[in-house]
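Beneath this line is the structure, given in structure tokens, with notes to follow.
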Amino acid sequence: MASPTSFLSIFLCLVAFLFITVSADPDMLQDLCVADLSSGIKVNGFPCKDAANVTSLDFFSQGIANPGLTNNTFGALVTGANVMTIPGLNTLGVSLARIDYAPGGLNPPHTHPRATEVVYVLEGTLDVGFLTTANRLISQSLKKGDVFAFPRGLVHFQKNNGRVPAAVIAAFNSQLPGTQSLGATLFGSTPPVPDEILSQAFQTTPRIVKNIKSRFQPKK
Ligand SMILES: *[C@@H]1O[C@H](CO)[C@@H](O)[C@H](O)[C@H]1NC(C)=O
Ligand SMILES: *[C@@H]1O[C@H](CO)[C@@H](O)[C@H](O)[C@H]1NC(C)=O
């Protein structure tokens, strides 16, 4: 039988665990820790490169200065400005992205497991929305200069229903927010999710599931 003190320690561990899981990226323990992206060492984030080798370029990017190419299936492109392109963001708990939308373009329903997102509309108009865990749709039409927030982990999307291109700058409270796009995750995974799982989940036939899967072939 467990003693009252071991119950107490289990309780305290659970409380600590909850605090860890409700916070965003961990707090930094030093001024900077520029990611050594080539290191073979695996940690939560990236190991720091030698401080003597840190330069301003580690904190700099021109990667989202210009519109991204939107001539793809969905007519939208997300260009990250995160720790993978700005190694100085390692341990800082923030990043940006630029998203460009052709007329009619859609950033399809997806989630960011590690970050809340705030978008600022650079140009054009967008219809955006997110879904709560109670399956309520919270949606809004945005125009140039508007700001909208998508809470961490909730499924959300942006659609350009206008006649001209649109673009946003997105801010995240994570150095690498991660993205799970529902269509690609469920219908384009490797190895594939079995057809009968998806046909039962979506209350449809394996034939229709196969048809959707054919549109989400994993990129080779
Ligand atoms: C720092 O940079 C120098 C010169 O490029 C290189 O020789 C050295 O290996 C680097 N140190 C580390 C720890 O990466
Ligand atoms: C998109 O446009 C660029 C530049 O015009 C072109 O190089 C590229 O091949 C196009 N991609 C597709 C998928 O059509």
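Here the Cβ of each residue, glycine as well, is placed from N, Cα and C on the backbone.
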Quick one: which of C13, C48 does TrEMBL link to C33 by a disulfide?
-> C48
Same-chain neighbours of the oxalate site, Cβ within 8 Å of the mean position of the Cβ atoms of N107, H112, E117 and not counting those residues, run in sequence order as V78, A97, H110, T111, V119, F150, H156, A170, F172, P177, T179
Counting by DSSP, what is the helix, strand and coil composition of the domain 'Cupin type-1' (62-210)?
-> 21 helix, 57 strand, 71 coil
Which ones in the same chain are close to E117 (oxalate binding site), with CB under 8 Å and 6+ residues apart in sequence?
-> A149, F150, R152, H156, A170, A171, F172, P177
Find the shortest Cα-Cα separation between C33 (disulfide bond) and the binding-site residues N107, H110, H112, and name the residue that gives it.
-> H112
